[in-house]
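Colleague: Before anything else, here's the structure in question.
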Amino acid sequence: MANNIPIGSPVRTKAIINRYFVKAKKNLGQNFLVDQDAILGIVEAADIQPGDQVIEIGPGIGSLTEQLLLAGAKVFAYEVDDSLPEILHNELPKKIGEQSLNDRFKLLLKDVLKADFQNDLAGFFDMKQPIKVVANLPYYITTPIIFALSESDLHFSSLTLMMQKEVAERLEAKPGNKEYGPLTISVQTEMNVKIALEVKSTSFMPRPKVDSSVVVLTPLQERPKIENRKHFIWVVKMCFSQRRKTLNNNLKALIPNAKEREALISKLGVDPRVRPEDLTIDQFIEIARNIPAK
């Protein structure tokens with residue numbers, strides 16, 4: 001009977017935790033998702049279809065993995081906790097079936113930030129076809145993972161990521177919003193951002209201190225023309241180095257000459273007293289174009 005209960009249900013999760021003596025590791029940011037509606041919401045937000053190739057980051061005890069596989073996906077999972085493979089290989093076949101699991105699931109004990117996607121996925125995924133990324137991310141590595149994925153050579157069609165609500169709001173922020181900053185600009189020059197659903201802290205075991213959001217990121221069809229992305233990101237970060245100061249003040253470190261600085265601000269068509277959070281992405285691109293790359 002227990003085999004018919006989803007891994008992500010509170011009763012099954014508790015049974016697995018007790019059977020395998022699992023303890024959520026704070027240093028890995030582990031919180032097990034025990035809200036089946038939220039789990040199915042992630043699968044729906046990612047628009048998982050039979051045959052989809054999915055990278056899952058941090059499968060944990062398999063709550064989301066199970067539903068991805070039941071939806072027909074082929075799943076390649078990255079995990080850093082070496083105590084979890086036994087659980088995944090014992091529990092997933094109960095609803096998926098041993099043969100189907102062998103054909104459609106592969107687990108690699110590796111930090112995704114050290115991933116070599118081309119080599120890791122070769123032989124399991126068709127690298128000519130789009131790949132989806134789905135993950136319930138540990139809060140402490142959310143931003144590094146987003147940067148790593150957006151800058152990788154991975155041909156992905158979407159990233160569906162559970163993250164801290166505050167980070168999700170930063171990704172979706174518009175100019176003039178206090179959450180708008182370097183992360184916002186870096187992501188929005190590469191991807192469309194959509195918050196698909198909110199997930200309360202009560203949906204996790206153990207319960208975190210903050211709520212979460214599920215964000216869907218999809219590559220822009222037409223990206224802004226940025227000649228040197230590394231230089232652009234550096235300029236943006238410099239402009240936000242003292243975010244409560246005016247643009248004119250923040251630009252002093254980049255353009256020491258007052259007349260040159262005034263000319264650029266005039267070219268942007270903004271008040272010198274404007275703060276960086278009020279500038280559009282196009283205006284940041286224009287600033288970067290007028291500052292020599294180092």
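Positions of Cβ are set from backbone N, Cα and C atoms, glycine also.
Copied straight from Swiss-Prot:
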BINDING   Asn31, Leu33, Gly58, Glu79, Asp111, Asn136  S-adenosyl-L-methionine binding site
Colleague: Looking at S-adenosyl-L-methionine and its recorded binding residues Asn31, Leu33, Gly58, Glu79, Asp111, Asn136, figure out the farthest C-alpha pair and report it in angstrom, whole number.
Modeller: 21
Colleague: For Asn31 (S-adenosyl-L-methionine binding site), what is the tally of other C-beta atoms lying within 10 angstroms of its C-beta?
Modeller: 21
Colleague: When you measure from the Cβ of Glu79 (S-adenosyl-L-methionine binding site), which residues in the chain that are at least 6 apart have a Cβ under 8 Å away?
Modeller: Gly58, Pro59, Gly60, Pro85, Leu88, Leu107, Leu108, Leu109, Lys110
